[in-house]
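Engineer: What Swiss-Prot records for this protein is below:
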- His173, His175, Asp186: Zn(2+) binding site (BINDING)
- 102-224: domain 'MPN' (DOMAIN)
- 173-186: motif 'JAMM motif' (MOTIF)
Amino acid sequence: MHIHDWPTHERPREKLLARGATALSDAELLAIFVGSGLRGQDAVQTARDLLHRHGPLRLLLDRPAKTLARLPGLGPASACKLAAAMELAQRHLMSALERGEALSDPPSVGRYFSQRLRARAYEVFAALFLDNRHRAIAFEELFTGTIDGADIHPREVVRRALLHNAAAVIVGHNHPSGNPEPSEADRAVTKRLLDSLELVDIRLLDHFVIGDGRPVSFAERGWLE
């Protein structure tokens, strides 16, 4: 049965308009991008198959657009729409940070770091530089490494913060293993970074560790006091 033959209130697009995007399942949201679906299937069933074979949703959406375009049921047009939607989500979060919402909504900062770093196959350490009203000035990837780690140099973080005339910094890095639990090395380098920034009167507001699931926040655990 084609989706157009479904009751109106069950169709993904109509359901979204009537009840909001949160009312849709992962498959229903993905079906909006899939379009007509594969031959003999409606778009929702095609979306379910994509999630079953290439999911869960996070792993599917973390793929580059060129990879998505090769998956049965998507193709170049749908892959481009998905990639554009992901980029819009990142820019939306960044615009919120630029308006000074970095401290009023810490989970959004964690989500932003997660979107930027989670899919990397190697460790990346990044910094979000903030002005004295905690508005985002710039986001920079400062250090890259291997699947096992990256060398972090606090002096370079301080240098970049001074270059941006930042009053505060939030940093984050990913764990390619998927386990977001901070290591002893993570805690040690964060202490060095905290001390180095304090010497030039710049605050380290948080350090997020990105893996599968929810990012781990050093500030939330009281490790920056």
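Cβ atoms here come from the backbone N, Cα and C positions, even for glycine.
Fair warning: this is a prediction, and the values are worked out from it, not measured in the lab.
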Engineer: So for His175 (Zn(2+) binding site), how many other CB atoms are inside 10 Å of its CB?
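Structural biologist: His175 (Zn(2+) binding site) is surrounded by 22 other Cβ atoms within 10 Å.
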Engineer: In the motif 'JAMM motif' (173-186), how many residues does DSSP assign to helix, to strand and to coil?
Structural biologist: 3 helix, 2 strand, 9 coil
Engineer: What same-chain residues, at least 6 away in sequence, bring their CB to under 8 Å of the CB of Asp186 (Zn(2+) binding site)?
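Structural biologist: Correct list: His173, His207, Val209.
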Engineer: Take the domain 'MPN' (102-224) and average the pLDDT across it for me.
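Structural biologist: Across the domain 'MPN' (102-224), the average pLDDT comes out at 91.
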Engineer: Across the domain 'MPN' (102-224), what are the DSSP residue counts per state (helix, strand, coil)?
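Structural biologist: For that range the per-state counts are 38 helix, 33 strand, 52 coil.
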